[in-house]
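What Swiss-Prot says about this protein:
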type	residues	note
ACT_SITE	12	active site, nucleophile
BINDING	12, 14, 175	Mg(2+) binding site
């Protein structure tokens, strides 16, 4: 895929820039204990990640991808989860190898970088700050920043508008079906990372890279 026309790059957060499963799983299991439920294996919680904290709380309570918890139970769980997770955002969350260097290389190409995540903005921004990633991004759009989140095209189109570029000039880099679907809906290039939470071969992206440095090489060489 030729990337010469790309003028900006958007990145997902969880599973793309950072591995946050340890802290998400700890918060989810602390919430389950608070609600009188037994703990879940972190791999189960990993399978529930990707649609924001509200959905994760439903799934962590029910242990079902498409089920919703009873309203009052969800509210208790949500309040507990957010407080617990906010207090332990980066205890065990790690930046994937090569991410910092890769972001620096892309910025050296004078490409604006934005973050588009389904994690709420009030959690995504401090997490990026604590991990030393915030300064790489000119804009961070969380799952609650706009009326719609991925897989909606809205977050991507919003970034295009802010940056003054056309949708086809934005590349969306992520690890999930939501990232690819949002890119498709917006008319942006869809790039998957091969190391994320999902099997990249199942996502139907335009391109799969195994590091951000690999993406830099492709963009530098057109």
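Placed from the backbone N, Cα and C atoms, the Cβ positions cover glycine too.
Quantities reported herein were computed from a predicted structural model and do not represent experimental measurements.
For the residue listed as 'active site, nucleophile' paired with residue 175 (Mg(2+) binding site), the C-alpha to C-alpha distance reads 7 Å. Apart from 12, 14, 175, the Mg(2+) site neighbourhood in this chain, defined by C-beta within 8 angstroms of the site C-beta centre, holds 13, 15, 16, 17, 50, 117, 174, 176, 179, 193, 196, 197.
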